[in-house]
């Protein structure tokens, strides 16, 4: 499969970087710590814990959230080992963490900010998580945090004006059934390939932990806070085209390879794939709620996540102007955000069959 890493986060450690502007994602990791610990305690076979234990993060970005995720996992494994054997895990287990993301990811910042005093060895694994990136049966627990909503490409026909699948919006809003089906079909194909790859790489009985956002069944993307801000981004780019700051053709050819599936769609895809058993599908109560409805915070947060691939298509200056307009639109239409329907934050625990 050929994949284009359009969604690389803004690297470095500057004020607009993902490293500095991902507190929302980190809050989900903190909210799920106890549930992750219980899930690992209940589902991890102690026989898998030998003198070397491998944890892999797929879609690690540049930190610091990946460090929180893998440390939560290591803490849970050590707690289970200590409780069930009465032994000190530090005497018997060496942990290794594999950090995976596309080769364009800012691995330099990732490794420069590794936590001091960490109790694990670390290695970077560049490559698309839609494909095999590790040897067979080579890791014990994997995690994907806010990376389970990507597709490998834009569905065919979405950007063709002569196609019934023509979508004028930069995202799948959910209001056009044919467009939604095209995105869902592409997401299903990619997710099943991803699950197949992880199933080959996991040891028998190993676990995958998926954390992220999805839609509640029956809710459309543009009805949610996240979808509303995405609409603001698209509207801002269109405004800049009308002002002559960028070309309308560029706006017409810009789409996100992202699909936030409904909860039931995710469950169906995993079950149809058959490589994993769903041990838990938890609805997480996020400490920051769905989003902080502060216009400036919203603009900065979405810039950290989407800014890099908007820059790749339009240039840095257009990207910055677009997010200035996003802040204005969020302020002017704050009631639209307050009246939106909540999305869902989840923790999914999968055991390899």
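Any Cβ shown, glycine's included, is placed from N, Cα and C.
What Swiss-Prot says about this protein:
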| type | residues | note |
| --- | --- | --- |
| BINDING | 18, 59, 60, 65, 99, 100, 101, 102, 128, 129, 130, 145, 146, 147 | S-adenosyl-L-methionine binding site |
| BINDING | 18, 21, 22, 23, 24, 25, 146, 147, 148, 149, 150, 301, 306 | substrate binding site |
| BINDING | 167, 252, 254 | Mg(2+) binding site |
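Structural mapping of features recorded in Swiss-Prot.
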{"residue": "60", "record": "S-adenosyl-L-methionine binding site", "DSSP class": "coil"}
{"residue": "99", "record": "S-adenosyl-L-methionine binding site", "DSSP class": "strand"}
{"residue": "128", "record": "S-adenosyl-L-methionine binding site", "DSSP class": "coil"}
{"residue": "146", "record": "S-adenosyl-L-methionine binding site", "DSSP class": "coil"}
{"residue": "167", "record": "Mg(2+) binding site", "DSSP class": "coil"}
{"residue": "254", "record": "Mg(2+) binding site", "DSSP class": "coil"}
Near-site residues: Mg(2+), ref 167, 252, 254, CB cutoff 8 A to centroid: 158, 159, 168, 169, 170, 251, 253, 255
Rounded Cα-Cα span from residue 148 (substrate binding site) to residue 128 (S-adenosyl-L-methionine binding site), Å: 13
For the binding-site residues 101, 252, the largest set of other C-beta atoms within 10 Å encircles the C-beta of 101
Would you mind listing, in sequence order, the residues at least six apart from residue 99 (S-adenosyl-L-methionine binding site) in the same chain with a Cβ closer than 8 Å to its Cβ? 57, 60, 66, 107, 110, 122, 123, 124, 125
Please report how many Å separate the Cα atom of residue 148 (substrate binding site) from that of residue 101 (S-adenosyl-L-methionine binding site), as a whole number. 13
Residue 148 (substrate binding site): tally of other CB atoms within 10 A of its CB: 23
Around the Cβ of residue 130 (S-adenosyl-L-methionine binding site), other Cβ atoms within 10 Å, all chains included, total 21
Relative to the Cβ position of residue 254 (Mg(2+) binding site), how many further Cβ atoms are located within 10 Å? 20
Count the Cβ atoms, other than its own, that fall within 10 Å of the Cβ of residue 306 (substrate binding site), considering every protein chain shown. 24
